[in-house]
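**Q** Shown below is the structure under consideration.
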Amino acid sequence: MAFFIASSPHLRSKRSTADVMRWVLVCALPGLIAQTYFFGYGTLIQLLLAISVAVALEAGIMLLRKRSPISALRDYSAVVTAWLLAVAIPPLSPWWVVVIGLIFAIVIAKHLYGGLGQNPFNPAMIAYVVLLISFPVQMTSWMAPIKLTAEPSSLVDSFSLIFGGFDSDGLSLQQIRTGIDGITMATPLDAIKTSLKAGHTMSETLTQPQFSGFAGIGWEWVNIAYLLGGLILLKLRIIRWHIPVAMLAGLVFTALLAQLFAPGTTASPMIHLLSGATMLGAFFIATDPVSASTTDKGRLIYGFFIGAMVFLIRSWGGFPDGVAFAVLLANMCVPLIDYYTKPRTYGH
């Protein structure tokens with residue numbers, strides 16, 4: 001009888017990388033549908049553009065590296081990166097924003113470090129931060145939810161604004177954003193920060209039109225949709241519970257702590273949970289298996305750190321949302337976290 005010697009791991013998962021990535025995309029669909037419903041067709045256009053650019057860049061880089069582009073494209077990692085970036089930027093951003101972002105994500109943040117499985121930082125978040133710092137106007141030009149607009153942009157107008165800068169009536173995005181009387185175009189998180197800095201109380205801030213019962217109109221349902229998709233990922237065991245639970249716990253804990261010592265000067269935990277990219281970050285971004293911590297205890301520390309940093313950046317930082325910065329800061333700490341949380345060998 002012949003015996004074969006093989007290296008570990010000897011217990012293998014039945015799911016391939018492509019299977020995992022496909023499930024991530026499927027579970028992100030509820031959030032995409034909610035974003036499209038509340039913020040218009042621009043989200044879908046950005047997504048299709050992002051996927052096309054990401055696939056082209058991935059194939060081009062693999063050819064330059066003299067490797068098969070087909071095998072790289074079959075793992076869907078480039079599509080996931082494109083998806084995360086597309087839903088993170090304003091729906092009516094100029095087309096070149098997502099192109100520049102994906103060049104940084106695919107070429108620099110991913111392949112410069114060796115490709116899939118070698119990148120120390122989340123590629124989509126690297127791209128987002130580069131875009132936010134380089135093009136702050138374009139990256140903060142969010143439209144009000146469709147519910148608050150008299151004439152939402154049609155599919156044709158959205159396409160024209162993204163690729164031409166003007167709609168069918170010859171109006172630019174800036175003209176459209178300033179043409180809605182009484183509605184500020186800031187996101188709920190930005191509106192809260194601006195209002196509190198102006199000396200208003202939290203209760204006064206929440207009387208603005210873009211707020212509803214729990215958080216910002218549209219944003220609360222987008223976060224609930226991503227939460228639903230995240231719970232499906234947990235149910236299917238595509239992701240582990242440690243990072244999302246720890247991140248949300250860190251966000252809630254710091255928000256409660258701030259309200260205890262400075263009541264009325266910071267947003268409530270519910271607003272933080274249902275605003276910005278909280279649920280997208282907790283279930284789809286922070287759980288990136290390549291750039292996240294690899295031990296159970298490390299994942300808890302990693303997730304809690306992200307949640308706490310999100311609150312600190314949202315409350316006192318220079319940007320309205322802090323998910324991308326928090327994730328990248330946590331990525332930097334992963335080697336240290338893993339070093340001090342690695343399981344000890346039995347007997348040592």
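A Cβ is built for glycine as well, from the same backbone N, Cα and C atoms used for every other residue.
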**Q** Please indicate whether the topological domain of ASN122 in Swiss-Prot carries the same name as that of LEU236, placing both on the same side of the membrane.
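**A** Topo match: yes.
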**Q** Please classify the secondary structure at THR187 (FMN phosphoryl threonine) using three-state DSSP.
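**A** Reduced to three states, the DSSP call for THR187 (FMN phosphoryl threonine) is coil.
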**Q** Quick test of the contact rule: Cβ under 8 Å, at least six residues beyond the ends. What residues does that give for the transmembrane segment (126-146)?
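**A** For the transmembrane segment (126-146), the sequence-distant neighbours (Cβ-Cβ under 8 Å, at least 6 residues beyond its ends) are 37-40, 42, 81, 85, 88-94, 97, 100-102, 104-105, 108-109, 152-153, 173-174, 176-177, 180, 183-187, 190, 210, 216-218, 319-320, 324-325, 328.
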**Q** Is the number of Cβ-Cβ pairs under 8 Å between the transmembrane segment (72-91) and the transmembrane segment (214-234) three or more, considering only pairs separated by 6 or more positions?
**A** no
**Q** So how many other Cβ atoms are close to THR187 (FMN phosphoryl threonine), meaning within 10 Å of its Cβ?
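**A** The Cβ of THR187 (FMN phosphoryl threonine) has 21 Cβ neighbours within 10 Å.
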**Q** Any residues 6+ beyond the ends of the transmembrane segment (23-43) with a Cβ under 8 Å from its own?
**A** 76, 79-80, 83, 86-87, 90-93, 142-143, 145-147, 152-155, 158-159, 161-162, 217-219, 221-222, 224-226, 228-230, 232-233, 236, 238, 279-280, 283-284
